[in-house]
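Okay, structure first, notes after.
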Amino acid sequence: ASGSYHPFYNGFYYNHIMNDMGNGQDKDYFNGARLVVETSKDPVYSYNGANVTLPCHYRFEPDLGDKRKIRIKWSKLRDDYTKEQDVAVAIGKTYVAFGDFKGRAHIHRASRHEASLVISDVHLKDEGKYRCEVIDGLEDESDVVDLRLQGIVFPYQPPRGQYRLNFHEAEQVCQDQGAILANFNQLFQAWSEGLDWCNAGWLADGTVQYPIRLPRKPCGGVHLAPGIRSYGPRHRHLHRFDAFCFSSALRGEVFYLDRLAGMTLEEAKQSCQDAGAEIARVGHLYSAWKFLGLDRCSAGWLADGSVRYPIVNPRPNCGPSEPGVRSFGFPSKGRFGVFCYKER
């Protein structure tokens, strides 16, 4: 029952109070009041680097008036609602945050029955389900809120070609591109927005899937409906596929530099450094294309050695008729411009 989305109610309500013997021993008494915990029923949306509040409030039915110090606990959950990690715990005005949330999370109690969680400097991996748990003596009630990040999913192949990544290598290449492995919800959202990709790639849960908008013979057959094709869970060390990476909004800007004769990759990296920036990663370019409307019909180097360019408004001599990030692959030779990234 504790893994259910709905708050757990055991049929009894207790009030934890100190006895009157002065010996420090506690007793639990039935108080006849029901504890109710409520969070947002709709997902809460944020983006990389932002601050976000996950709302949570509790009440007693009937209202018991001022109470003693209630214990509040926030946990991050897996998709099956089992606990993944502790986030923060508070009693009264005292709280402690755990792990990667230290220094970034605190419990906001502006009103008497508020138990909201504030996360600062949101990270890509913060997306997911969070449980707000309120504990009053033996009574323990909770509810779940879903944090989702505004972002973009992009397929990724390394320079050495298709289907060369085991799960752990896929995690690393996404991180190298300023992203993380996408989860299923992120891939599904990308598919609903038009992503069509026939190569299978790793997702964050260790499954291998791919999104198809236009059914065709090499991609599961022409008789299957559009949707997410799944190979299911695969061996994380032995099996090799591509990766689906997820990147969110940028904390800085992507800009283009060029020379009359173009640049080699090493010259491109140096040009970005001379401009007080770094050569952009693939995730930076996709995010700038989606969220900042970056539109450039000029190919440029990226940090992984690929050459790409972003098109918001398709036009002649700029590739296909649909918007997207075009790729020239990983040329071993050639001179191009460069996309640089600079944090604000």
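Note: Cβ is positioned from N, Cα and C throughout, glycine not excepted.
Annotation source TrEMBL lists disulfide bond at C198-C219 (among others). The Cβ neighbour count for C219 (disulfide bond), using a 10 Å radius over every protein chain in view, is 19.
Here TrEMBL flags C297-C318 (among others) as disulfide bond.
What TrEMBL records for 33-145 is domain 'Ig-like'.
The domain 'Link' annotation in TrEMBL covers 152-247 (among others).
Feature annotation from TrEMBL assigns domain 'Link' to 253-342 (among others).
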Restricted to the domain 'Link' (152-247), the mean pLDDT of the model is 96
Across the domain 'Ig-like' (33-145), DSSP labelling yields 6 helix, 63 strand, 44 coil
